[in-house]
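K.L.:
Take a look at this one; I'll ask things after.
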Ligand SMILES: Nc1ncnc2c1ncn2[C@@H]1O[C@H](COP(=O)(O)OP(=O)(O)OP(=O)(O)O)[C@@H](O)[C@H]1O
Ligand SMILES: Nc1ncnc2c1ncn2[C@@H]1O[C@H](COP(=O)(O)OP(=O)(O)OP(=O)(O)O)[C@@H](O)[C@H]1O
Ligand SMILES: [Mg+2]
Ligand SMILES: [Mg+2]
């Protein structure tokens, strides 16, 4: 970007890439509209936010996105290469829970990989422990997860296998996979969250580990889904900026704006996620009952482990390779 | 150069399998009866209608007729490729309508050849033999024989599209005769061949017929071919059978004006029969033999039965005469041909020895004359 | 029934567009010269080779030859469908190899018809006219005329597959003549037709030729047709030109043994020429005319030049004789045909008036006799 | 050029400079040129950059390729993928062949119906179709319930190879039926008569004559389906288990999740090479048995008419069953769109038109349908023109150069879409073509080109070459020959190529996802986005609308055509 840092006058337009669907609509409502009101900046929305595309556009010198809601792993692994460093004065790293920031990303919201089950399928005994996820004798039925290793499954396997949540990292991937081997034939790897939702509503799957917002949507669309608050992993969502966009500064303004309490709370109320900044009082958010039932950041939610950003950034590639090999073997 | 005879040495065939038709026709030719046969394509006019024909076993019958008169359609119905719209086809007194073509054991040469484009010449010819499960050596031998017969040596491994038109036609013929079927249906099988080859194949076909007494249904537009080869000729006209008879019989007593004109040449007089004789313009001719039932008929004299003399010359006694003008005289080796125009403007012709006297010349007024016993009457 | 003449009333054509070939051939027939023409398909033997032929403008030349001798291939090279492997083709002294077929303005009847299956009869015939952008009314008129001529009335809206074989051939002919091309290439255009229709179309073709003086290259396997229609005949034999000449010339002086046997029938004696005459077995015959250069040649006598007498009868003075046995005598209206086997086992035949004397019968020992001036010599 | 060796005879008999064959070669080059240029720019050049990356990233060297052999799964997955593709191609052929044959026997109205049924899966968008299969195959789904009632056991098909193969076969069936039909239609049925008259039973005649003559269609259809099946990943991912993973999924993970463009590129190129080798081998084996090109020798092909046999009761039953298989997902999607639930439901528990309301009132949906139709029409048109020309060019070439070019033209289908998408995206970014409908049209043209080439080429192979010759002899210039003789004869092939091109564009999502921009997105992109994070039954409504929107005009056009045809021949 030759004209990086240029401060032009007049209204500008930011291109915002995200997940699409309801979730992105919520972003428009809670984050974009207020920013437009405040600064006159307009937004163009595209979806999905594909990191491969970021790499391709940055390499060809024509980044066409300004902001992307996508996994921080890429912003961590390719910081300053494909992603802009965030140096906005309002993005004070100390505002966020420890270990949730990087040079190229800060959290915009927090969520969990929630372990839940289809309550319609278990009339008698109900699962109440992460170990139950791995006990197909007592609790028969398919377990569905999103087809990606950083979905909380590995951590859950280790905890179920007896590892203390505090000693999870560095992950013993082989041990986790060995544990998973015991239920492998009952695992369903869904190619999209839509498939997860469809199969849960159709009672094809009995248990699931899925992200907060998807669990809520699934429950709302008719699945009798109950969260198990024994052990769950938590994670952050982040807005990142492809390297070289001429509107990088404005994009940083937008990120800073998004994490401000007012926007963060509105966003959390719409999506059921939690605000990222520690100074926002979660109790003051007007969650619905369903949202509350899947929110891991409310009190009494059992053991939680924040997924280790540094470890995942360094190891995702290797884990993915091993995951693929294990999965199809 | 002999067409091999299949079925005479049955021991070379594999034990009877389901490939052999259950109602196997007898080894000699079959008797075919067409009974009120008719065909209408779509909703158009009848392409063939009311054809009654009885073909004796071992008979050589030729279907003759102008282009488009229904010969191919009739043949296709006999073979079972076209469903008759009317009538029946009997083989040895059995209705064969339900019998699929491959059970009929008829050999066929298609007018359009219908060679298999993906097979070589040898494979095309071997096709019916392989279908009959002859053993390899036997197939090779028989194919070799008909290849020889049809003068296709050296072309065995060509595909049909690499052959000349006449060569393709010979493959079609070879393929139809190689398995000595009980009935052979040949649709103009020699039309693309030069005279020498044609004559040699005619001889072979005749020999094949004489030796095996197969039933032959032959379509040709060549009258000489029809005359030489056939036991009987069936003349088609606009989808109907106009006449059936031996070559000689039809030539000398064509019965209808159409046959008279189609088969050979004729001098035709459109007069009226009366009790005193046949009236044509100002003349009255004796009726001769077959005087009964001549009402409304035309009088026909074949060119070689006719004499021609200058109008002033004396008429041979007892001869009938018709005045005419000579339009052309041409000589063909041993004979001469005199073209006439009769006084009623109808054309005629006389064929007589090259040395015949008196000589006449174009433009001359002449009298054509004939003996009443040489005339025949035909329906218009 | 007249073939319409295109190009004589040029005013009906649209203004010259790029449709008109730049090197447009003259309105009358073109002069075609084949110069060492040869064709090899793939890596096989030469299908045609070393053909030199000069065809005058307006000439009617017939390519005659046994099946597979290269007639179609030669025609295809002239039309531009097949690339010669050797030699050149000149039209009015210009090499036309670079000229694509549609620029040559040649009409062609394909041996396999090549009708367009998706077009009706009328559309097939109109095809060349529409390519030449004649106006609608004119096209309708011309198509109507040739439809009439080829007796296809009522079939105008049929598709080719709804026609009989002969009807298809007539459509092919109609389509080739309708636009009066400067050169007409006809590959057996009448082979599927009955004699009457064939003769009427022969007359039309002849008339077309005489009126327009177009150049005709005609392929036929019918010798009579070749004899009647052609100015000259080119005889092919295994891809080579064996002889070129007028019909009469070739008949009476065939030059080669092949032509003698292919064109009409012959009595052929394989003897040796010596200074004292032609020796055949124990006989010595005078050489007659054309005595020079007879070494290594065969002696030929046409059947109608030959007489036949019982072996004991006196020989007409000055005649040469050859002993033979009668194998068959048959009568054809005005003439008779005597089949012979000469003492060297070679077959022969005599054609003479039906009433000729002395009569001979099958099995009889006879003498064939002829005047030395009626004999010709041919190369083996 | 083997003939140019000797010029015997007199020295003045110079070889012709440019005769029929020379013209042929020039024409071939000219006809192929546009397609080749399009392919060069849109596919070959970008693929070269992929190839370069595959040996330079992350380190220079053949590491990426060595990795394919040592990582322990790529080879296995590739082998499995080839096997599944083969099974689908063969199973598809067995299902499609009798159906296509029945099409050749049907009357005009019956044929119009059969064609419409074949096309229905095409208009039912890929995602809707896959979810329909999901609903059908799942535990307690319709298929399981059916097999339970008829006593076939109650194993669910979901997550099994059988389920994946079934749904893939259904989706790919039209790619077989269309080329098969267009080349079967040319077979002169009198040859079957001839076979029977020579003693072959109906069945033997069929096997020994009809089957070999239909080989161009068989080859075209199976190679298309084989290649397409190789690239599948949504279906196996959604309906299969990890054991059904296909190579495209692996490559997808490599490129998308790991951003390992070099490694993904190596995989893509490896797949390309292996596939071309396999196909070349198959072609070689097939050539020994059948002819690739069978010039007719008979007079005009007589189409089956009354008396031409007609279809027997078994064939009719089979045709109905196949027709049912073809339309099954659509028969599920349409009721699904009328469900009140927020996920896909079949049969719906409650009915409502809310998804149609949603569709009608959401500009994103209506806009995307409009865009899709626009893009599909333009790119199908462009691909049809270029592809038809290229097929005609191919036909004029010798067998060897034909084989090479054929491989080249097929390549865009073999290389996994994600790689094509990445390279096209990068190239279009530089050219400023991304985010424009024009860009998507251009890319889709390149992707659709091979379908047209294959479909048209198969048809041309069965055509009598003498007809074009005759036309040119009658004075028709090359363009005229094409317009008045070649095109009408090749029309069924051209039309099926056009349909395949149209649907390729209509259903293509990966490239369109990359090239989209606000306001510039196609229906599949909109659909994809609406099911990645959460189900939106609007896609079933959109899909149903599409089925009606496209099927009805096509059916009507055919019926009118049939009536006109009948009136014309009378
Ligand atoms: N495409 C081809 N490939 C190989 N050989 C061919 C091809 N076309 C013709 N021939 C051969 O070339 C020779 C000449 O064929 P051509 O068609 O010119 O014969 P023709 O004189 O027209 O014969 P006919 O009277 O039977 O039509 C034949 O022996 C034929 O087999
Ligand atoms: N499929 C068809 N549809 C409509 N009419 C047809 C069809 N086939 C043949 N005909 C017509 O039926 C009549 C008889 O045709 P057929 O082929 O039997 O004639 P043919 O006697 O064999 O003539 P040719 O000597 O020309 O081969 C012709 O007028 C022809 O046009
Ligand atoms: Mg016929
Ligand atoms: Mg020929």
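Every residue, even glycine, has its Cβ placed from backbone N, Cα and C.
No curator has checked TrEMBL annotations; they are predicted automatically.
Annotations for this protein, taken from TrEMBL, read as follows:
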- D:77-100: transmembrane segment (TRANSMEM)
- D:78-282: domain 'ABC transmembrane type-1' (DOMAIN)
- D:112-137: transmembrane segment (TRANSMEM)
- D:157-181: transmembrane segment (TRANSMEM)
- D:209-234: transmembrane segment (TRANSMEM)
- D:261-282: transmembrane segment (TRANSMEM)
- D:317-338: transmembrane segment (TRANSMEM)
- D:369-560: domain 'ABC transmembrane type-1' (DOMAIN)
- D:373-392: transmembrane segment (TRANSMEM)
- D:404-429: transmembrane segment (TRANSMEM)
- D:435-458: transmembrane segment (TRANSMEM)
- D:493-517: transmembrane segment (TRANSMEM)
- D:537-560: transmembrane segment (TRANSMEM)
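Help me see these features in their spatial surroundings.
P.N.:
Using a Cβ-Cβ cut-off under 8 Å and counting only residues 6 or more beyond its ends in the same chain, the transmembrane segment (D:209-234) has close neighbours at 81-82, 84-86, 88-90, 92-93, 96-97, 100, 126-127, 130, 168, 172, 175-184, 187, 191-192, 194-195, 200, 246-249, 252, 271, 275, 279, 282-283, 286, 289-294, 410, 413-414, 416-417, 451, 454-455, 457-459, 461-462, 500.
Same-chain neighbours of the transmembrane segment (D:261-282): 47, 50-51, 53-58, 64-65, 67-68, 74, 78, 82, 223, 226-227, 230, 247, 250-251, 254-255, 403, 407, 410-411, 414-416, 418-419, 422, counting only residues six or more beyond its ends whose CB sits under 8 Å from a CB of the stretch.
Tertiary neighbourhood of the transmembrane segment (D:373-392): same-chain residues 31-32, 34-36, 38, 409, 437, 440-442, 444-445, 448-454, 456-457, 460, 482, 486, 490, 493-494, 497-499, 501-503, 505-506, 512, 522, 549, selected by CB-CB distance under 8 Å and a gap of 6+ residues from either end.
Residues of the same chain lying 6 or more positions beyond the ends of the transmembrane segment (D:404-429) and with a Cβ under 8 Å from any Cβ of it are 32, 35-36, 39, 42-47, 49-50, 223-224, 227-228, 230-231, 247-248, 251-252, 255-256, 261, 264-265, 267-269, 271-272, 275-276, 279-280, 390, 394, 397, 439, 443, 446-447, 449-451, 453-454, 457, 508, 510-511, 513-515.
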K.L.:
Grab the same-chain neighbours of the transmembrane segment (D:493-517) for me: Cβ-Cβ under 8 Å, and only residues 6 or more beyond its ends, written as numbers and ranges.
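P.N.:
119, 122-123, 125-126, 174-175, 178-179, 181-183, 224, 372-373, 375-377, 379-381, 383-384, 387-388, 391, 417-418, 420-422, 424-425, 428, 433-436, 439-441, 443-444, 447-449, 451-460, 487, 523-525, 527-528, 546.
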K.L.:
Under 8 Å for C-beta pairs, could you tell me which stretch among D:77-100, D:112-137, D:435-458, D:537-560 has the largest tally with the transmembrane segment (D:317-338)?
P.N.:
D:112-137
